[in-house]
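Let me begin by presenting the structure, written as structure tokens, before commenting on it.
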Amino acid sequence: MVTPTEEKLDTKEIDAGSLSSSRRQPENAPPYVHKVGVLPRQNLLAEFKSTVKETFFADDPLRSFKDQTKSKMFVLGVRAVFPILDWGRSYNLKKFRGDIIAGLTIASLCIPQDIGYAKLANLEPQYGLYSSFVPPLIYAIMGSSRDIAIGPVAVVSLLLGTLLQNEIDSTKNPTDYRRLAFTATFFAGITQFSLGFLRLGFLIDFLSHAAIVGFMGGAAITIALQQLKGFLGIKKFTKKSDIISVMQSVIHSAHHGWNWQTILIGASFLSFLLFAKYIGKKNKKLFWVPAIAPLVSVVLSTFFVYITRADKQGVQIVKHIEKGINPSSVNQIFFSVLCFQEAVAIGRTFASMKDYQIDGNKEMVALGTMNVIGSMTSCYVATGSFSRSAVNYMAGCQTAVSNIIMSIVVLLTLLFITPLFKYTPNAILAAIIIAAVLGLIDYEAALLIWKIDKFDFIACMGAFFGVVFISVEIGLLIAVSISFAKILLQVTRPRTAILGKVPRTVVYRNIQQYPEATKVPGVLIVRVDSAIYFSNSNYVKER
């Protein structure tokens, strides 16, 4: 039985065949040449403007300003810079209920994490809390994502701490180290702002997904190994981050440097945190269990150390966290680039889940502004945290007000609660960080990359082993280098495919992907999967 669609296709093929036969040239006639139309000429300025618009303004960001009065254009401009003025007009009590629950939930997660991440950046604990107070407020006003949760993150804290430690020793010269941290944050913000304002946000896409998977996995292992100092109660520990140096330091201190009480506290609460994460994964409705588990762990371990005075038995504790809100640090910036792809990627992920759009360039401007202002208020680099953003999303956040709620809770903590963290053991902070970074090891993504593209897998493993066996900055350099190498390879050596006709259609496809496709006798149809220009023209011709 022949369907109407097949009849139409057959008719088209017959018509095409008869048409081509009717146009056959006499045997001695010269071959027919199909002329290609020439595009209309443009003057140099018009062509330049067209190219710039296509490259930097493909989404036509100023389209809403066309044919508007000056007052209307001003209002639209202010709303574009401060999205809170746009979505704030439709804000209501129902949305506030979702935001306050989400804000309280992520606050319970961020407070213990921030204290640990500050140590990862070689800063005092309060600087982690400072970075979850001011930057989220700025982002809530200027950011366009409803779900992203702002604050310090493990990988950026490690990267900052590693790079700065190479310049200034944080233990010998803490004041200059802090100044350098604020300076790095300031210029990181300037870089972000510039990329967004100049609409160069696409540059961050040059770091391939495979390289990011490898880098994040390697960074997670490096961070976890760094936590062995607090987890085992070791006092003298290597400043290097590679796995060989860390394991040598751990083994050499095994006979006299480990503290069994510290190990007991760390192992017990790490098991509790991992079990809480397991419960949260098994039942999505219990997402709040892994979210509050870190704070519960801090409270219980602090109480345990206080009543048993375990600090007298060698258990290392936080000791002191500065009380009060962020002091100004404008005069500490020297005025003499970290990776920010994560924040935009997180925002886009949750935006797609809730079916709304975010502008990557606007996000870069918002993130840059918050880091510039943060650097002047004793904050170090803050960005979007995937784990907190996931909790924020599952807790039912509706808008960026959840970040404001979190900031208020952190403010109250800084004003009234920080003295209570005096007896918090370092082992619990190590356990919290280890539990948090284990989720960064995405082995399923690595296996998928292996199946899809072997060169991408090499990029993934290159970044991974570079971070684990050499250093974080070398791993990042390898990730970027391999990503660029792949881009150059694909541009100069484009893939080619031989096409065949899919049966019962007029469609031509790659014969390797469609085994049933048949070649046209006497004709070789080749598809080049790239634009053809000077860098690949010889290769295409030879191929």
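In case you wondered, yes, glycine gets a Cβ from its N, Cα and C as well.
According to TrEMBL, the feature compositional bias 'Basic and acidic residues' maps to 1-15.
According to TrEMBL, the feature domain 'STAS' maps to 513-543. Taking the domain 'STAS' (513-543) as a whole, pLDDT averages 88 in the prediction.
The annotation region 'Disordered' is assigned in TrEMBL to 1-31.
Marked as transmembrane segment by TrEMBL: 138-160 (among others). Within the same chain, residues 81-84, 87, 106, 110, 113-114, 117-118, 120-121, 128, 131-132, 181, 184, 216, 219-220, 222-223, 226, 241, 338-339, 342-343, 346-347, 350-351, 354, 356, 358-359, 362-363, 365-367, 369-370, 373-374, 380-385, 388-389, 391-393, 397-404, 406-407, 433, 436-437, 440, 472-473, 476 sit at least 6 positions outside the transmembrane segment (138-160) and bring their C-beta atoms closer than 8 Å to a C-beta of that stretch.
Feature annotation from TrEMBL assigns transmembrane segment to 180-200 (among others).
The transmembrane segment feature in TrEMBL is assigned to 206-225 (among others).
The annotation transmembrane segment is assigned in TrEMBL to 262-280 (among others).
Tertiary neighbourhood of the transmembrane segment (286-307): same-chain residues 105-106, 108-109, 111-113, 265, 269, 272-273, 276-277, 279-280, 315, 317, 391, 394-395, 420-421, 423-425, 427-428, 431-432, 435-436, selected by CB-CB distance under 8 Å and a gap of 6+ residues from either end. The transmembrane segment annotation in TrEMBL covers 286-307 (among others).
Feature annotation from TrEMBL assigns transmembrane segment to 400-421 (among others). Beyond its flanks by at least six residues, the transmembrane segment (400-421) meets 84, 91, 95-96, 98-100, 102-104, 106-107, 110-111, 114-115, 125-126, 129-130, 132-134, 136-137, 139-140, 143, 145-146, 149-151, 298, 302, 318, 321-325, 392 of its own chain at Cβ-Cβ distances under 8 Å.
Counting only same-chain residues 6+ beyond the ends of the transmembrane segment (427-450), those with a CB under 8 A from a CB of the stretch are 112-113, 115-117, 119-120, 154-155, 209-210, 213-214, 216-217, 219-221, 223-224, 227-231, 233, 262-263, 265-267, 269-270, 273-274, 277, 294, 297-298, 301-302, 315-316, 318, 387, 456-457, 460-461. Annotation comment: TrEMBL describes 427-450 (among others) as transmembrane segment.
According to TrEMBL, the transmembrane segment annotation covers 457-485 (among others).
Sequence-distant contacts of the domain 'STAS' (513-543) (same chain, at least 6 residues past either end, Cβ-Cβ under 8 Å): 490-503.
As a summary of secondary structure, the domain 'STAS' (513-543) carries 6 helix, 4 strand, 21 coil according to DSSP.
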